[in-house]
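Reading through the structure tokens given below for one structure.
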Amino acid sequence: MSTISIRKYASENGALAGLVVLALVIAFMQPAFLNAQNLLNVGVQAAVIAIMAFGMTFVVVAGGIDLSVGSIAALAALVGALTAGPVGLVVGALCGLVNGALISYGKLPPFIATLAMLSVARGLTLVFSEGQPHETDEVVTFLGSNLAPMLPLPLLLMLAFFGITGLVLTRTNLGRRMYAIGGNEEAAKLSGIDVRRTKLWIYALSGLFAAAAGLVLAGRLGSAGPQAAVGYELDAIAAVVIGGASLSGGVGRATGTLVGALVLAVLRNGLNLLQVPPFWQQVVIGAVIALAALLDSLRRR
Amino acid sequence: MKTLITARGITKHFGATKALDGVDLDIFAGEVHVLLGENGAGKSTLVKVLAGIHDQDSGTIEGRTSLAVIHQELALVPELSVAENLFLNRLPRRFGFVDRAGMRRRAPELLDRVGLHVDPNAKVKDLGIAQQQMIEIARALDKNAGVLILDEPTAVLTDTETDRLLEIMAQLRHNGVGLVFITHHLDEIQRIADRITVLRDGRSVGVLGPRATTRHMIELMVGRPIDEQYPRARQRPGQPLLSISGLTKRGVFQDVDIEVHAGEVVGIAGLVGAGRTEVARAAFGVDGYDRGTVAVDGKPLPRHDVQAAIKAGLGLVPEDRKRQGLVLTATVGQNLELVTLANRDSKRLHDIAGKLRIKGRVEQPVKELSGGNQQKVVIGKWLLADPKVLILDEPTRGVDVGAKVEIYELINRMTAQGRAVLLVSSDLPEVIGMSDRVVVMAHGRVAGELPRGATQDQVMALAVQEIPA
Ligand SMILES: Nc1ncnc2c1ncn2[C@@H]1O[C@H](COP(=O)(O)OP(=O)(O)OP(=O)(O)O)[C@@H](O)[C@H]1O
Ligand SMILES: [Mg+2]
């Protein structure tokens, strides 16, 4: 490999390099990190955020933002627990569709539309749950279980969603339209891309992915609670950004997001293993997010 | 003569691309020094190295202390007012706050200098691209720099504004300012240049004097002579493919009738503000209109519906490539495929890229291409879509002489295949030379139509004509 391609590789995979370094440092300080069971745990912990973040990747690539994914996840999980899993998925997609309609037909900024949905979906979760956690049925619980020893379903689901996201982004017209809209909405429109319809799809997908993440989370816990997934939207955004996507749109990849979600999970897991107090964990995680974004902006210059 | 800037052996790479290769350049006080070269020859890169935006890989530069640069890509803040943009970086202050009154007082003086009559409080995003360019020029003039570099300022200007700019440049030259001027319009070079440095593939291939002939300039920059600058091959017109009738948008354009037949190139000439771009955009469905109809191949189009227009076989190459034409974050190939997403064909894509001689790889980010090559990508995107009628709004803006001819040949090929072209252009020789008929617009109305072979004077007479309301 020539120096140029090595450099290109490193710059395109900055987050991956960061993940490897992070894992090595933690493994060095606490060898138990490398224990197979622990590594699987990390994967399972990453799954919920990753699935959510994949949906967020569509939105961010198209130049938007979705603050409502945490609330939608909670609502979908609750509806799933009260009725059945698939109904939860439908509810999630519908919430996303409402976001999309407000943004493309109501011309609301994504930040505002999804902030409103964050509140509405969380509120509905509180109303329907009457403030109580609700047990999930076998189907949903199955989502959070192990297929076989050492074969957790959440991990497989994460990989499946990863594959779907990569396919949508790189191999479908919808994906190309996302990049075009995020890169230059005006040019996309003048090229005949139906910007409004595409946005509808994008937010619906984000809602659907959030719902799936919510069901996986509920499955793992065996119940859906009113306070589930609070603040997860921020982790999802962080994962996308750590993965190298640009919040101004037009840039982002499925692999980057996967790595971003893993970075967060590895970090949390490592900090727990190292017995860093929870309050300090927040500080460290924030610092790492800033560092990742900083490195990314440095290498872009 | 006093030398203001001395650059020696400037070399600059971008990855594997050698943009500059050992270029020498002197800039004297009181001269207009033209940089001439094909798209991608390295002109803008040289300017950016002189301005310290890029560091050269090797070579030396002396004396770049007092330098003002007007870059090829506009650098205004769209959301701010004209006045704020003029004084950006050095907003006049009073008691620590922006001195709005002072700014409003000084702005008209500056605008006056470039002959621009716009409200200093207007937002820049509401102005046309030519007016924006004049604001950039006014801003650069206010710095009173010893060296002023202008990278293709006239690409977006009409003749009147260009005349004004050349006058200002002559005045500055008289005052001892050293000017570096980049343009693809050879007539401008003949009017103002003292010396011409010709760049080819990043190398300086010669320095010409003020009396260089067009032929000589072209041969040196392209490496071969060009016989016919406007090689229009006429076709016998067929049935009408685009019919615009009675198109009216209150306060913008009134009762516009234009018909373009199969095999025809119809030009639209006129001054800035005559409503040419507005008609083009309305016809294509980007903007709405109040009255009238637009029909493609006999089928009326719904208002304000770009997708329907494209489906019916219409295409539009917009005037502002950066804002309306390109997705800068994407690659050349992705941009070329933007219209034809649904049925991609990589063979035709490479074919078009080759025909347009786009200097850059298909996988390369389009923002790394030189300005003229970016323009070719916008045109290529529509050639790929193969519309029945293609509206071209200032299609050769920033395109070098050789590549222009290639674009004209592609227009010829379209019409030979029974397609039609509506050519909006401020470049009079182009619109006259390439059109089978020229429609002249003034004040939002069609002022008249001229047959092939009309003179520039005839066009201008119609363009400046006052029309009673
Ligand atoms: N940031 C960049 N990254 C990679 N390549 C670049 C970059 N900027 C310029 N280039 C390449 O350097 C070469 C020279 O470009 P430059 O913009 O200087 O051309 P130019 O002579 O100004 O052309 P034009 O007449 O079209 O404006 C081109 O091949 C271009 O693709
Ligand atoms: Mg240039």
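Each Cβ is built from the backbone N, Cα and C atoms, and glycine gets one as well.
Under the heading transmembrane segment, TrEMBL lists A:15-34, A:46-65, A:71-98, A:149-169, A:200-218, A:279-298.
In this chain, the transmembrane segment (A:149-169) touches the transmembrane segment (A:200-218); three or more CB pairs sit within less than 8 A of each other, excluding pairs fewer than 6 residues apart. Relative to the transmembrane segment (A:15-34), the listed stretch A:279-298 leads the set A:46-65, A:71-98, A:149-169, A:279-298 in CB pairs under 8 A. Listed as Cβ neighbours of the transmembrane segment (A:46-65) (distance under 8 Å, sequence separation of 6 or more from its ends, same chain) are residues 73, 103, 110-111, 114, 154-155, 157-158, 161-162, 164-165, 168-169, 178-179, 181-183, 185, 198-199, 202-203, 205-210, 212-213, 216-217, 220, 229, 232-233, 235-237, 239-241, 243, 245-254, 256-258, 260-262, 264-266. For the transmembrane segment (A:71-98), the residues of the chain that approach it from at least six positions outside its boundaries are 48, 52, 117-122, 124-125, 128-129, 134-137, 139-140, 143, 200, 203-215, 217-218, 223-230, 232-233, judged by C-beta separation under 8 angstroms.
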